[in-house]
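Student: Annotations per TrEMBL:
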type	residues	note
TRANSMEM	46-68	transmembrane segment
TRANSMEM	74-93	transmembrane segment
TRANSMEM	199-221	transmembrane segment
TRANSMEM	241-259	transmembrane segment
TRANSMEM	279-296	transmembrane segment
TRANSMEM	358-382	transmembrane segment
TRANSMEM	402-421	transmembrane segment
Amino acid sequence: MAVSLFYLSIYLIALGNGGYQPNIATFGADQFDEDDPREGYSKVAFFSYFYLALNLGSLFSNTILGYFEDEGMWALGFWVSAGSAFAALVLFLGGTARYRHFKPVGNPLSRFCQVIVAAIKKNGVEMPPDGEEELYNLDTKDCSMNGSRKILHTDGFKFLDRAAFISSRDVDDQKRGCRNPWRLCPITQVEEVKCILRLLPIWLCTIIYSVVFTQMASMFVEQGAAMKTTISDFKVPPASMSAFDILSVALFIFLYRRVLDPLVKQSTGLKGLTELQRMGVGLVIAIIAMVSAGLVECYRLKYARKDCTHCEGSSSLSIFWQAPQYALIGASEVFMYVGQLEFFNAQTPDGLKSFGSALCMTSISLGNYVSSLLVTMVMKISTEDHMPGWIPGNLNRGHLDWFYFLLAALTAIDLSVYVACARWYRCIKLEGKCEEIHDQEESFIRVRGACNL
């Protein structure tokens, strides 16, 4: 019974995180009007402070709750966590009357599938060379796009344009006062699908970074446990070293917002680093962090006792030599994850903002899975011929440094792919807000040489 409750609690936490984390970032960004210069600037700053708040919560759990855990006060730790969640709920509900709310624009999954199905149904249609005027354009008068901004037509993914191509059958349906959304989709709906497809390569490149980020909660802790963790009579918990990461996040958010960003604007005359450029900088810093971790491991092995049965505390190298690698990971987070939140929020259509935030969280989750898979593969390959492998139970007999250097190399390759994807990427092009109407659907169809299906 106790085990069942334990697993139920874990899955409830996962369900809760999956529900609120993608939506709270989007909902917070919705409170700012992009058309207002001051609020537009505040919206950009919001993502930095949102990520800072997440890290401050982690600081609390890694210090106060970590102390409760070491002292065996598990029940008190759980009650404190429950109290924190309740306080957050009260604060959130307290601002209900002041929040800005936007009408939902329908199920994004069905809109996505409608474009794919409509394009496949019109696979045999011959598209004219310059047929943009024959594509179905709502001109801000369709309730299905209510509250959203119209997306301008782009040239990529030409096959999907068939979903918006007006055939003779579509004309007949329009004369009868109906439109089959599974046969004819407006340009904006087609462009929504194109936006998602363009985002996927960028998103895939962020998964390798999440593998690096995951090492803080796994290999960094194992490495720290094998180092000297005592200062006089006080023992430093290896997991608490992540406090350097959190402090680094806070410091670099301040430095970027107050120093680096204004300096770039002043020296280049531009608006500062773009989200894609900041994500690239985050990958570069992540490579440096892995190299730093590998060098620390080399020196840890140099000062370790090779004959020890257990590697815990077997090296005379102080655990505080890990501080630079934690700080570098924190700096890379500011550029990668904050830039990622801003990028996906800005580049997803109005009806898919939560989907954009969910992509950020999903890359972190997949990073954990890829990290586990990578460790399994490394151990399987490195333990052949009765070798202890790179990451054995006793790290003094392995080569954790080689694993860190492998991650640095993989991140460097990922950076090269990312640069290519970023150069290929084309930003979303939006018009003004769609008009709200409450009467029957009104639209016009321009037909030039309609095709029979």
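We number each residue from 1, going along the chain as drawn.
Each residue, glycine too, has its Cβ placed from N, Cα and C.
Just so you know, TrEMBL annotations never went through curation; they're auto-generated.
Values in this document were obtained by computation on a predicted structure and should not be read as measured data.
For each listed feature, how buried is it and what is near it?
Tutor: Residues 24-25, 28-29, 31-32, 74, 76-77, 80-81, 84, 237, 239-240, 242-243, 245-247, 249-250, 253, 256-257, 333-334, 337-338, 341-342, 345 of the same chain, all 6+ positions outside the transmembrane segment (46-68), place their C-beta atoms under 8 angstroms from a C-beta of that stretch.
Within the same chain, residues 57, 60-61, 64-65, 68 sit at least 6 positions outside the transmembrane segment (74-93) and bring their C-beta atoms closer than 8 Å to a C-beta of that stretch.
Panel annotation: around the transmembrane segment (199-221), residues 238-239, 241-242, 245, 276, 279, 282-283, 286, 289-290, 293, 322, 325-326, 329, 332-333, 336, 340, 343-344, 347-348, 356, 359-360, 362-364, 366-368, 370-371, 374, 391, 400, 403-404, 407, 410-411, 414, 417-418, 421-422, 424-425 of the same chain, lying at least six beyond its termini, place a Cβ under 8 Å from a Cβ of the stretch.
Under 8 Å from some Cβ of the transmembrane segment (358-382) lie the Cβ atoms of residues 17-18, 21-22, 25, 199, 203, 206-215, 218, 337, 340-341, 344, 389-391, 399, 403, 406, all in the same chain and six or more residues away from its ends.
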